[in-house]
Every structure is written in structure tokens, then in C-alpha cells.
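*Asks:* Following this message is one structure expressed as C-alpha cells.
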Amino acid sequence: EEEVVISINSLGQLYFEHLQILHKQRAAKENEEEASVDTSQENQEDLGLWEEKFGKFVDIKANGPSSIGLDFSLHGFEHLYGIPQHAESHQLKNTGDEDAYRLYNLDVYGYQIYDKMGIYGSVPYLLAHKLGRTIGIFWLNASETLVEINTEPAVEYTLSQMGPVAAKQKVRSRTHVHWMSESGIIDVFLLTGPTPSDVFKQYSHLTGTQAMPPLFSLGYHQCRWNYEDEQDVKAVDAGFDEHDIPYDAMWLDIEHTEGKRYFTWDKKRFPNPERMQELLRSKKRKLVVISDPHIKIDPDYSVYVKAKDQGFFVKNQEGEDFEGVCWPGLSSYLDFTNPKVREWYSSLFAFPVYQGSTDILFLWNDMNEPSVFRRPEQTMQKNAIHHGNWEHRELHNIYGFYHQMATAEGLIQRSGGKERPFVLTRSFFAGSQKYGAVWTGDNTAEWSYLKISIPMLLTLSITGISFCGADIGGFIGNPETELLVRWYQAGAYQPFFRGHATMNAKRREPWLFGKEHTRLIREAIRERYGLLPYWYSLFYHAHVASQPVMRPLWVEFPDELKTFDMEDEYMLGSALLVHPVTEPKATTVDVFLPGSNEVWYDYKTFAHWEGGCTVKIPVALDTIPVFQRGGSVVPIKTTVGKSTGWMTESSYGLRVALSTKGSSVGELYLDDGHSFQYLHQKQFLHRKFSFCSSVLINSSADQRGHYPSKCVVEQILVLGLRKEPSFVTTHSSDGKDQPVAFTYCAKTSSLSLEKLSLNIATDWEVRII
């Protein structure tokens with residue numbers, strides 16, 4: 001069926017200004033034609049088109065006004081999403097005068113919420129969804145960009161008053177999207193879907209898929225600006241063990257360096273970083289340290305000297321190294337748009353060069369918008385000059401992208417190409433998913449910031465960046481205890497899971513809030529670790545099939561209109577629905593369970609509801625509203641260790657939630673958790689679990705993969721089994737049958753199988769009779 005879904009330039013807003021040469025630089029000519037051009041340009045200067053003032057700063061535009069723009073009309077679409085990063089609702093809003101969505105990467109400390117201002121990252125990619133169709137627009141431009149949105153709702157009007165019944169016609173709604181960029185070319189991709197999954201795949205063909213993360217990075221991360229010294233690190237690490245709380249990575253902020261000189265260590269505070277890392281290694285944990293793009297101007301700092309000697313810094317208009325103030329004081333900024341600079345920067349992570357680093361050290365890229373104190377909007381001036389003589393205005397939003405790229409490549413190179421990197425970045429662009437994780441920046445310890453984190457992460461997720469998270473507890477300020485507990489509970493069900501706080505905040509380790517609250521935080525973190533097999537499998541699908549890990553409901557239920565504007569609950573993969581508690585002193589939450597033919601099971605109580613309705617769920621402070629979708633199988637770990645490294649050989653459990661038809665399906669992806677062997681040598685296991693006609697089958701989902709594993713499935717829980725079985729047996733691939741002891745609960749219609757020993761890597765069946 002032919003259907004017009006998108007029109008280009010229907011409002012006639014196509015605009016393109018070519019680069020010009022400043023008239024004063026032209027050779028003087030006496031003819032009147034040249035004189036008239038000069039006069040025209042002088043008039044443009046008077047209008048600020050060639051020279052613009054921002055406070056005390058003057059932005060001289062070497063090539064004159066160079067903006068571009070184009071409008072798109074989306075037919076029948078009223079629900080739009082994407083164009084992160086904004087602390088705004090998931091569904092994009094109509095914009096008014098001076099209220100456009102701004103894409104301009106900025107260091108905004110304690111950013112305002114429900115605001116269209118630009119913050120740390122930009123992805124110029126918009127999705128539109130309606131019943132039966134999803135489309136996308138990818139506006140590939142790294143300069144400052146504004147996006148205006150205006151929806152014309154559907155209207156019904158009378159064609160004629162003739163006859164007994166007036167003829168009526170309904171005009172479909174239309175949404176107009178106007179893209180405007182300060183400079184660059186018009187390079188736009190239209191993604192026609194028609195399904196959300198199709199659009200995700202089409203976009204990933206252009207920008208890449210989410211990098212497969214090392215397993216440790218899906219665990220809990222403990223960070224603070226700053227842990228004081230090696231003894232502090234040792235004490236915090238021991239505190240997690242003492243309180244039986246798992247965690248995987250300790251983080252060090254800028255104070256670990258010698259005067260904010262990156263790739264160095266403070267000799268008084270961290271005199272023996274290798275020994276500190278060996279302590280963490282003995283606990284099967286990692287260390288993450290910060291590395292920012294500004295380099296302290298210091299003739300005794302080798303990184304600065306080598307970069308300056310090779311001309312690797314961004315330049316000012318006079319051709320000298322651009323200088324700005326950041327954490328170390330006066331600094332120069334590496335020009336990551338230059339491939340040679342990226343190659344050199346990557347080499348700095350080699351173990352002989354980065355002294356004190358080991359193979360358990362990973363990286364955090366911050367301040368890479370780039371942040372420049374005391375400059376316009378606290379960033380680099382637009383007329384700074386990059387590689388190829390391009391002005392900063394042309395590529396501002398991609399600066400942090402290149403920084404993370406060079407860092408990730410450095411971590412890969414130091415291992416000889418064998419090990420996966422982990423790099424967290426604050427600034428990002430389309431395609432940043434290929435190099436690591438992103439977080440929402442300097443949030444505040446308030447309930448409203450917990451609440452806004454959900455739509456912010458959903459927007460990142462559908463624009464390709466699945467590995468995303470928000471600082472637990474809020475970076476700025478001191479959260480009340482209830483808020484901190486609720487934030488841990490929410491964060492445990494979000495992709496990147498890190499506690500972080502500014503240097504002015506009180507210490508915030510999980511055991512500092514009383515015994516009961518420590519228990520609640522411990523339970524939330526342990527729930528995360530128990531679900532790591534499911535998380536890891538979801539990231540594999542994000543990596544190979546472009547499917548978001550954290551999904552808005554409309555992605556999973558694209559034909560259910562009520563889901564289109566929901567942002568307080570979401571799906572993890574296709575199996576789990578999560579509704580974090582984001583209000584203080586809440587005693588109930590209203591949870592919408594979608595799908596008229598679905599059945600949903602409370603993850604803890606096993607109570608079940610039919611889909612297509614809103615249910616009021618009572619919540620105490622220990623309640624995390626999570627529901628498993630009927631028809632799914634979720635793999636878990638039956639025991640939780642001190643970190644992911646302690647759990648590689650521990651047993652699995654399967655949570656089988658039956659659909660209304662009595663069937664279920666699920667998957668497990670497994671590899672060594674750290675190397676590229678899954679890619680180069682096909683060293684992985686991909687298993688499929690299917691339940692039908694009272695038989696659970698474990699089979700291979702991908703015959704190409706081979707990975708030796710002694711792990712067994714120890715427990716199986718079947719939800720929605722309406723009749724108690726007479727007996728249960730296992731049937732192995734060698735033809736042997738074994739009876740299985742079981743427990744059936746009629747109240748919850750659940751069947752529990754314990755003390756099994758079914759190898760995860762081999763085919764087998766469990767028969768319920």
C-alpha cells in the first residue's frame with residue numbers, strides 16, 4: 001500500500017549558505033562590481049553575520065555566515081523521540097519561539113530539568129512513531145544545531161452540506177520538523193522502518209552498534225570526587241567485603257594525578273599504584289581512572305612537551321596553540337580531529353608509557369565537550385582552528401566522540417588487540433556507542449533528577465547508546481536516605497550502574513546510612529548481580545542486532561497507543577518491565593501492564609495479572625516493582641559473589657514465565673567476558689530455552705559458537721503452571737532420564753525445581769508430566 005510518510009521542504013525552509021572569503025582579504029580591485037560586494041559584506045558585518053559578540057568575547061567568522069536548514073513534514077505522526085541530550089521528557093514537545101531543542105555539547109553543572117538547552121552530548125537523530133509505522137531522520141552535522149517541532153493535529157471538516165448527511169473528511173495530523181545548523185553541509189538520512197526494530201538496524205548500519213562491554217562493567221561501580229589515597233581505596237574496598245555488598249570497579253577522579261597532569265600519579269597519595277591495583281586484582285576487581293582532553297601547560301610535563309613539539313594542539317586564529325583554563329590551570333587542548341593526534345594519544349596507554357598502569361586499569365573521559373573555564377558558555381571558542389584548517393564551530397559536537405575513540409583504541413592496542421576496552425565518556429555524538437558507555441553528567445541529589453533520569457536514558461537507548469546510566473544518589477548535594485535507597489533500586493535496573501558524588505558531598509558508601517538502609521542497598525545491588533546473565537545477553541543482542549537494552553514501552557508494544565508517551569516505566573529487553581519508585585514516601589505505584597493477550601508476573605511474589613490494564617501495586621521501601629512477561633525465560637545466577645569475577649563458574653537458574661498459551665522462550669549468551677575471542681575465534685555459547693507442551697528444551701541458538709563451560713543449571717522456576725504435575729524428569733542428549741524432586745505452590749501456580757545439575761553447554765530437556 002502506497003503511503004506518504006514524509007515530505008521534504010514542504011514548508012520551503014531549505015537554506016544553504018556557502019563558505020566565503022572575508023572581503024578584507026581579497027585583492028583590492030577598482031571595478032564597481034567588487035566594490036558592491038565589499039559593501040554588502042560590510043553590511044553583513046554590521047548585522048553580526050561575520051563578527052558576533054558574546055559578552056566580552058568576539059566570534060570572528062572566517063568564512064562568514066554559513067548556516068544550513070531543511071524542514072520535514074511527517075504525515076500522521078504525533079509522537080516524536082530522540083535528539084539527545086536534554087533533561088526532558090522522552091516524547092519530544094512542540095517548540096515555540098526561542099524554544100527549539102538545542103544540540104550543542106556543554107559542561108552544565110547541575111543542569112536544569114525539563115529544559116531544551118544543550119548539555120553534554122548530541123545525537124542529531126530523531127524517531128517518529130505511529131500505529132503501523134516508525135521512521136527516523138539522521139541529520140549528520142556536528143555544528144551547533146537547533147530543532148523546531150510543530151504538530152498540526154488531525155482535523156475533521158465538512159466537504160458539503162448538500163443532502164441529508166454532510167460528507168466529512170478527516171485530514172491526518174502532520175508534524176513539521178525544522179533542522180537548522182550553524183555550518184556544514186546538508187547530509188541527511190531518512191530511515192523508513194517500518195518497525196522500531198527496522199529503524200534501529202538501519203541507523204546502526206550508518207553509525208555502528210553498541211560495543212560488547214567487558215562483563216565487569218555491567219556490575220556496580222564505586223566512585224567519588226575523590227578517594228583520598230591508597231589507604232582510602234583499601235578501606236572502601238574492604239568495606240564492601242565487610243558488608244557483603246558486591247562491586248566490580250573502584251574509580252579515581254582528577255585528584256589521583258600529580259597536579260591534574262593526566263597519565264601521572266600523585267606521589268604522596270598514590271605512591272605505589274601497581275600495589276593498589278594488585279590488591280584489587282586479588283579481589284577480582286578493576287580500577288577506573290580519569291583522563292581529560294586538556295593538557296596542563298608545563299615545560300616539565302612530558303605529555304605537554306611531546307604534544308606541543310608535534311603541533312598536536314588546537315590552534316587559535318593566529319595559528320598559536322589555543323589556551324584555556326581548566327582543572328590544571330592554563331591548558332592546551334589536544335586536537336582529536338587529527339588522526340595522528342588520536343594515534344599518538346592511543347599510544348600513551350601502553351604499559352611502559354603510562355607508568356603505574358596495569359591491565360585492570362580502565363578509563364573515564366570527562367570534560368570533553370570540551371569544557372573551557374571562563375570562555376563563552378564554558379567551552380572552546382567557535383573560531384579556534386582544527387586539523388585541516390576547520391573552525392571549531394564546524395565540528396564542536398564531535399570533539400568528545402574522537403576523544404573516546406582514541407582512548408578505546410589505546411586500551412585495545414595495549415593488549416595487542418586481544419582485550420575489550422571500557423571507556424566512559426561524558427560528551428558524545430552519533431556513533432559513540434562503538435567505544436563504550438555514557439552517563440547523564442552532573443545531576444543533583446533531588447527526587448526530580450531521579451525521575452528525569454528514566455526518560456533521559458530511554459532517549460539515549462533508542463538513539464543507539466544502550467550503555468548509559470545516571471549517577472546514583474545525584475552527583476551534587478546530599479541525598480536523603482530514602483532517595484538514595486530508591487536511586488540504588490532504580491540504578492540496579494539501568495544499564496550503567498555507578499554511585500558518584502562531588503567532593504563537597506558527604507561520604508556516601510552504601511554502609512553509612514544505618515543497618516536497615518545498608519540491607520536495602522545490598523539487596524538492590526545483589527539483584528543486579530543475580531540478573532547479570534540476562535543483562536549480558538541483552539548487550540550481546542544490542543551488539544549484533546542493534547536492539548536497545550533499555551526500551552520504552554512503545555518499542556515493545558508499537559501498536560498500543562497508551563504506551564506512546566509513557567516514561568515512568570520501561571522494558572529491559574523483551575522480558576522484564578520495570579517501574580522505579582521516584583516519589584518520596586510512596587505507598588503505591590500505578591503500573592500499566594501492556595498487551596491485551598499478555599500475562600505479567602510479579603518478579604518477587606509471583607502474583608500475576610492479565611495485560612492491558614493498570615494495577616495499583618503496594619510498595620514498601622524494600623519494593624522494586626519489576627514484572628516478568630509471560631512467554632519469557634530469564635537466565636540468572638543462583639549465587640552472588642564479591643564481583644563478577646567470582647561468579648564465572650557459579651550455577652545458573654532459569655525463570656520460566658508461561659504465556660497465556662503455556663509457552664515460553666529465552667536465551668543465554670556466554671563468553672569469557674573480557675576478550676575479543678568471541679569475535680575472532682567464535683569462542684562463545686549462545687543457548688536457546690523453549691518451553692512448549694510441558695517440555696523445557698535447552699538447545700544451541702548459534703552453532704558457530706563453541707565455549708567450554710562447566711556451569712550447570714541448578715534451579716528452574718516455572719510460573720503460571722496451573723496444575724500440579726505428577727512427576728518431572730530430565731532427559732539428556734545421551735538418552736538418560738532422571739527423576740527430579742519438585743515443589744509446587746497452588747497459590748502462586750509456581751513449580752520449583754532445585755538441586756539440578758544440567759550442563760549449560762549441552763542439549764537437554766525437562767519434562768513435566
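Yeah, the Cβs are placed from backbone N, Cα and C, and that goes for glycine too.
These figures come from a predicted structure and were not determined experimentally.
Straight from Swiss-Prot, here's the annotation block:
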- Asp366: active site, nucleophile (ACT_SITE)
- Glu369: active site (ACT_SITE)
- Asp442: active site, proton donor (ACT_SITE)
*Asks:* What is the Cβ neighbour count of Asp366 (active site, nucleophile) at a 10 Å cut-off, with all protein chains included?
*Replies:* 25
*Asks:* What is the number of other Cβ atoms found within 10 Å of the Cβ of the residue listed as 'active site'?
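*Replies:* That number is 30.
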*Asks:* Between the residue listed as 'active site, proton donor' and Glu369 (active site), find the distance joining the two CA atoms and give it rounded to the nearest Å.
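*Replies:* The residue listed as 'active site, proton donor' to Glu369 (active site), Cα-Cα distance: 13 Å.
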*Asks:* Should Asp442 (active site, proton donor) be counted as helix, strand, or coil on the basis of DSSP?
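*Replies:* In the DSSP reduction, Asp442 (active site, proton donor) maps to coil.
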*Asks:* Including all protein chains shown, what's the count of other C-beta atoms within 10 A of the C-beta of Asp442 (active site, proton donor)?
*Replies:* 20
